[in-house]
There are 2 protein chains.
Amino acid sequence: MSKPSIPQGTRDFSPEVVRKRQYILGTLRSIFELYGFQPLETPSMENLTTLMGKYGEEGDRLIFKILNNGMHAQKDADKEKMNQEWSKIMERSYSSPVVTERALRYDLTIPFARYVVMNQNEIAFPFRRYQMQPVWRADRPQKGRYREFWQCDCDVVGSNSLVNEAELLCIYRAAFEQLKVPQITIKINSRKLLAGLAEIAGVPDQMMEMTIALDKLDKIGWDGVVKELSERGISAEGAEKIKTVIDLTGSNDEKIIALETMMQSSAIGMAGIAELKNITKYHEQLADKNWSSTVMVDISLARGLNYYTGFIVEVMCGAVKMGSIGGGGRYDDLTGLFGLKGLSGVGISFGIDRIYDVIEELNLFPDQLVTGSKVLLLNFGGDNETYALSVLQQLRQAGIAAEIYPDAAKFDKQMKYANKRGLPFVILPGDTERESNKLSLKNFVTGEQIMVSLEECINLIQNS
Amino acid sequence: MSKPSIPQGTRDFSPEVVRKRQYILGTLRSIFELYGFQPLETPSMENLTTLMGKYGEEGDRLIFKILNNGMHAQKDADKEKMNQEWSKIMERSYSSPVVTERALRYDLTIPFARYVVMNQNEIAFPFRRYQMQPVWRADRPQKGRYREFWQCDCDVVGSNSLVNEAELLCIYRAAFEQLKVPQITIKINSRKLLAGLAEIAGVPDQMMEMTIALDKLDKIGWDGVVKELSERGISAEGAEKIKTVIDLTGSNDEKIIALETMMQSSAIGMAGIAELKNITKYHEQLADKNWSSTVMVDISLARGLNYYTGFIVEVMCGAVKMGSIGGGGRYDDLTGLFGLKGLSGVGISFGIDRIYDVIEELNLFPDQLVTGSKVLLLNFGGDNETYALSVLQQLRQAGIAAEIYPDAAKFDKQMKYANKRGLPFVILPGDTERESNKLSLKNFVTGEQIMVSLEECINLIQNS
């Protein structure tokens with residue numbers, strides 16, 4: 001028999017990893033709930049027609065398609081048609097419902113839009129939902145990039161108010177505060193400001209090209225960006241104007257004041273500035289003064305995805321070398337894809353895998369997450385086993401996670417198990433202990449062993 | 001644009017449903033942890049070779065296969081081969097790695113066995129794991145049967161001790177106790193006792209046929225079972241012996257004593273009785289005396305799946321008309337499928353969808369699960385909005401889940417939203433309130449509205 005394995009780009013999560021992930025997801029869940037957001041879960045599979053054409057050509061290619069079942073049971077007459085459909089697949093056209101009509105979810109945004117449209121009459125708008133589920137992409141696996149990974153999204157749909165933007169900024173800050181992640185910078189910008197920038201640079205129709213070049217600023221430096229801008233037909237004078245804006249320093253208020261002067265000739269640019277002004281004002285009113293993270297207006301922030309139309313946001317952690325650990329923005333007509341026009345949405349996303357890596361690298365996971373059980377009762381068989389079982393029941397009744405070694409195996413084997421599991425305590429219920437109705441409690445960290453009553457034992461474990 | 005929909009047999013879970021499901025899964029999780037079980041999560045996809053041949057021919061057919069990506073990018077030379085492979089699919093052979101090499105998980109047991117074999121050197125045995133994840137089956141959807149549904153399994157692998165069986169019985173009882181589900185009966189039996197029954201009925205090789213007939217006792221009555229037994233070559237005398245055993249009444253101890261007399265001629269039957277005797281003894285020592293559920297030896301209990309070799313268990317709720325809401329048993333050589341021999345396992349499963357239906361039907365979900373937010377702050381715009389935002393921040397700091405209506409919309413619209421969401425409280429921060437630094441708090445259930453300080457407001461909401 002060949003050695004079993006798992007598909008490339010997928011992962012088993014061991015108990016320790018599941019607990020750490022639960023800690024992150026549970027923290028986020030509690031913040032979302034505190035902010036009045038509601039949980040949603042959608043199926044892993046969507047109809048292929050729901051997904052195709054929503055993520056660009058590259059996205060279409062990376063969607064995992066599910067083979068229809070029962071094809072072999074078709075009548076012979078149908079088989080010729082199925083063979084034709086198969087040829088279509090081979091020619092890169094996936095619009096072949098005979099071969100595949102379902103696919104695995106590619107992100108959480110399109111399923112959310114689909115849900116909103118399907119349930120528009122039941123939903124109380126503005127609808128504030130969060131969603132934490134896996135998504136699948138047939139990308140080439142590499143370090144930190146998986147074919148199955150979790151997304152964690154938080155969106156408001158059906159409200160134009162910039163209070164929502166401020167709420168989402170506070171959610172980011174509250175979450176990273178609670179997770180104790182240091183040096184968090186939340187960069188914000190508006191697509192409208194970028195459009196204004198394109199206008200004053202003299203290339204109003206090339207906002208996307210300009211932002212694609214700007215997006216590379218960190219990697220290729222300003223000289224590289226100027227070169228790219230020039231290749232895209234932006235004049236040296238225009239590039240200089242862009243540079244002046246991008247180079248602005250100072251506090252958010254100072255940047256906004258300077259921008260107001262520079263952007264005067266662009267109506268859309270001024271609208272972007274007004275947005276940032278209001279968002280920072282609302283955020284100021286809503287934020288906890290003790291939070292350690294910062295919110296920074298960053299005019300070079302672009303975010304790749306096309307569908308953002310206003311506010312955009314990205315989260316960086318200065319304490320580790322890593323890309324953004326969260327991002328999002330406002331999209332004006334997402335549900336329009338499914339025929340429901342005029343609903344504006346704004347949302348943020350948490351990069352769960354990267355956040356996990358940050359917390360791991362900075363050693364910020366709470367200690368108690370690791371083992372689960374607090375104590376193992378050794379099993380000495382016979383009457384001692386009976387005694388141990390009654391103790392076990394009482395420990396659990398006191399709320400202590402506890403287990404018994406199920407077999408009366410050799411002492412060494414049982415101790416080795418406790419050690420491998422990393423359990424903090426072991427109870428040794430032998431003849432002496434049973435006859436005196438006491439327990440020997442061994443602290444696995446200090447090595448100390450003491451004889452105590454059950455009550456004392458419970459206290460010691462609970463206060464450890 | 002056509003109306004969006006979701007694939008047949010799948011479900012969106014609305015916020016209310018997610019919260020109720022979380023309540024069930026969270027309760028089970030806390031019990032598993034209390035009993036020292038560890039969480040595991042495996043990928044949604046497995047290699048097709050891991051799954052095929054493990055669930056019988058019907059199972060193979062019901063596995064959702066994933067189309068390989070990038071097939072269209074193959075060289076022309078490969079395309080002929082791919083077309084041949086496609087023909088194989090059409091002829092019902094799914095062993096075509098060129099077309100599909102991955103599939104969606106069909107249950108949690110095979111992935112668990114695969115995980116244990118792959119990680120045998122890192123795992124501390126006996127390995128006690130729980131796993132709560134969706135599985136997929138291409139079954140014909142019908143009421144209560146879905147193509148994507150959750151399984152919740154709890155297994156111990158690497159120990160022959162019957163203490164494990166007793167622990168699992170206690171987990172069932174503790175879980176249903178905590179979920180407040182009444183009239184729970186946990187039926188237990190041993191496959192060895194069924195083998196013994198086949199022996200004393202004179203058909204030692206027909207244990208499976210006999211149990212298949214017995215499994216229908218509830219549906220077709222004793223006359224029907226006798227007819228089936230006779231069709232399967234079991235004599236009237238044999239059937240009579242079977243009936244005598246099945247008809248045994250009384251307490252578990254009384255049944256066991258009677259069985260010991262009847263089974264004396266069958267070594268395997270006696271081994272089965274010894275198992276039940278020890279399991280009930282251990283269970284007695286370990287169980288909480290206050291639990292309301294009962295554990296009942298039921299010799300007619302068979303459980304369909306072939307791989308059980310000893311203890312079997314099934315959970316029924318007498319308060320609703322429904323099949324079993326949980327089940328499991330011991331399997332002697334599960335990991336042998338993947339080349340690791342000699343590891344015995346025992347496990348139970350919770351039927352999450354059915355348990356949800358039971359709790360819903362009996363109206364046992366806690367009230368506070370429904371809305372999430374406790375209070376909505378109305379938005380009267382301008383200075384009142386600013387005032388509302390500062391109140392909002394302080395409510396959340398006090399741990400109260402709260403939200404603000406993000407737009408200064410018409411009063412009626414905002415109240416309608418609060419009503420549709422089912423929120424228990426609304427705060428109206430208008431001019432009067434802001435100027436006197438007070439709040440008008442409206443109880444949405446009683447209709448009562450009072451003017452209070454923020455501190456009083458927090459107290460009132462927290463104690464509601």
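If you go along the chain as it appears here, the first residue is 1 and each next one adds 1.
Heads up, the Cβ atoms here are built off N, Cα and C, so glycines get one too.
In TrEMBL, annotation is done automatically, which means it is predicted and not curated.
Note: A:THR109 (L-histidine binding site) has non-local neighbours A:ASP153, A:ASP155, A:LEU334, A:GLY347, i.e. same-chain residues 6+ apart with C-beta under 8 A of its own C-beta. Reduced to three states, the DSSP call for A:THR109 (L-histidine binding site) is helix. Annotation source TrEMBL lists L-histidine binding site at A:ASP107, A:LEU108, A:THR109, A:ARG137, A:GLN151, A:ASP155, A:ARG303, A:TYR307, A:TYR308.
The domain 'Aminoacyl-transfer RNA synthetases class-II family profile' feature in TrEMBL is assigned to A:1-406.
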Please report the DSSP secondary structure of A:GLN151 (L-histidine binding site), reduced to three states. strand
If you skip the near sequence neighbours and keep only those at least six away, which residues in the chain come within under 8 angstroms of A:ARG303 (L-histidine binding site), Cβ to Cβ? A:ILE312, A:GLU314, A:GLY327, A:GLY329
Starting from the Cβ of A:GLN151 (L-histidine binding site), draw a 10 Å sphere and report how many other Cβ atoms land inside it. 19
Per DSSP, A:ARG303 (L-histidine binding site) is which: helix, strand or coil? coil
Mind giving me a neighbour count for A:ASP107 (L-histidine binding site)? Other Cβ atoms within 10 Å of its Cβ, every protein chain shown. 17
